[in-house]
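TrEMBL annotations:
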COILED    181-208  coiled coil
COMPBIAS  539-575  compositional bias 'Basic and acidic residues'
REGION    533-579  region 'Disordered'
TRANSMEM  6-28  transmembrane segment
TRANSMEM  40-59  transmembrane segment
TRANSMEM  136-158  transmembrane segment
TRANSMEM  335-352  transmembrane segment
TRANSMEM  382-403  transmembrane segment
TRANSMEM  423-444  transmembrane segment
TRANSMEM  480-499  transmembrane segment
Amino acid sequence: FTDMIQACIGAALGLEIVFVFFLALFLLHRYGDFKKQHRLVIVGTLLAWYLCFLIVFILPLDVSTTIYNRCKHAAANSSPTESSNITGLILLPFMQSYARSGGFSITGKIKTALIENAIYYGTYLLIFGANQLQTIGIAAANTWGLFLLVLLLGYGLVEIPRSYWNGAKRGYLLMKTYFKAAKLMTEKADAEETLEDVMEEVRKVNESIKYNHPLRKCVDTILKKCPLEYQEKMGRNMDDYEDFDEKHNTYPSEKSLVKLHKQVIYSVQRHRRTQVQWQILLEQAFYLEDVAKNETSATCQFVHTFQSPEPENRFIQYFYNPTVEWYWECLLRPWFYRVLAVVLSIFSVIVVWSECTFFSTTPVLSLFAVFIQLAEKTYNYIYIEIACFLSIFFLSICVYSTVFRIRVFNYYYLASHHQTDAYSLLFSGMLFCRLTPPLCLNFLGLTHMDSSISHQNTQPTAYTSIMGSMKVLSFIADGFYIYYPMLVVILCIATYFSLGTRCLNLLGFQQFMGDNDMTSDLVDEGKELIRREKRKRQRQEEGENRRREWKERYGHSREDSTRNRNVHIDPKESNFSDISTNRSASKYTRANNRTERDRIELLQDAEPLDFNAETFTDDPLESESGRSFLYPPFRYQPGGRYLSMSRSRIFDDV
């Protein structure tokens, strides 16, 4: 029986290691960009996320194994824990400074990173180097981590259940999407303006520093980071035949070029991110508007306004057909979100109660400790592992999801769809490495598996035997570690009444609040922006459909007439026509191609006048007058000719 238990433990450990690796890889692929970002940034972030997730997933197995067979599983957890500390404290800060540096060479970036980290860690050594450096360092790290943990946990315990509850309300997500659209349009315009200013500086530098200047290599490095359209413009305006003159002209220094390089990287990344986010937000808004329209449909078939640009899988199309999609989006998903919100709220109440009572051992008031001790008495180790896994998983979701949600201006921001910069990825890895040890110690305290909390002379878990318990310094362990987690109650109340959101709104940072005039104005503005983009896309699709119909209607008839005419041509005439065609081909091909290209560009770029929203209907085909105005009574025929829609000839009277 013991051998079977050990085999099951080994199999579970192997599955967890593989699953956690692919989970970290999937999240990194969603937020990072494997093709454009540096390999060291990808490897460092993946290592940090993987080790932190691995510790969290292995901890329930450690608890159940400790209860069953004291500390035989200790060696399995030693490597991830120590590696996560080294990664979070030394490796990631160095790589973060390296990625943010604007140096042109590896040596210059390493030099900048070493100087910044030397200042950072030198301050710590100066403060804590007098006495008990290791003890004070561990206490400071755990204290700082617990401080962040309680802040993020207090927000996540309320916001996650509330987000699902609000997601079940009709129109809530659509109104919030309109609000995001208005804010994102402002950010998008600001990013475009910033990029234009930076590109203007690059243009001046590019024109001043010629091909034989010693700093020309630095300028070429900066140009490679610019968008392609700006590279082409600057390449056309270069006069490489001019030599530079050191006596009469003033040139930027290498330090100023490093600063400009850093600005180019930041502005290009921000511009690309806002463009991608705008397109994603448009798709989300269009889909939510389709959901609102289909809720009143009597056919029980989900109808999309725009088809997906990417072809869907046939397997998904077969099972997730329009009928299934309608029942899920319009009927089942709101109820599913409500049930999930209630379940998550119950978990949040259990966590808050246990955080306020985990220090009480007689009687045991922490619900997590009660559940574990009841299962221990019945020797139900599978239940222990499942209960521990659900508990630590919910705690980690509340904490880690907040890390993915928060945004500190443009300094730290995790944007999905491969739009997160290297600095934010490494910063998130540092946060995970600093939050994971206090999270695990807090969980062991909630379950009374930490001897400093339970006050029992029992063998510790593998995690506490390596990382130590909360009892490092007596005045911190007996005071801060015990009573500070109670502040999660105050944070939950503040989050429930949206006090932080209201404070940010008063300071001028617009936040989504249903009972605010500024929110209503931004919602109306976003609604108008979405409506404008929707009309624009509808016109584009209508133009493509018309061109496709014209090609099918007149293209085949023209080919047939040409083929029939060539059949009845005399051989001599055919030879003569071939000779004349060959002579005139080179003369007219270029002009015809240019004319065809100009005609296609005019057809694609032509956009009708934008009407007022009060008089313009959603469907432009409903208005006959609008159709007669927008589309004149002419049909286009391939070859640059137009045919009249009427039977009479319009030039008969000329």
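Each residue, glycine too, has its Cβ placed from N, Cα and C.
Using a Cβ-Cβ cut-off under 8 Å and counting only residues 6 or more beyond its ends in the same chain, the transmembrane segment (480-499) has close neighbours at 142-143, 146-147, 150-151, 153-155, 157-159, 162, 348, 351-352, 355-356, 358-359, 442, 445, 470-471, 513. Highest Cβ contact count with the transmembrane segment (423-444) among the listed stretches 40-59, 335-352, 382-403 falls to 40-59 (criterion: pairs under 8 Å). In this chain, the transmembrane segment (335-352) lies apart from the transmembrane segment (40-59): fewer than three C-beta pairs between them fall below 8 angstroms, excluding pairs fewer than 6 positions apart.
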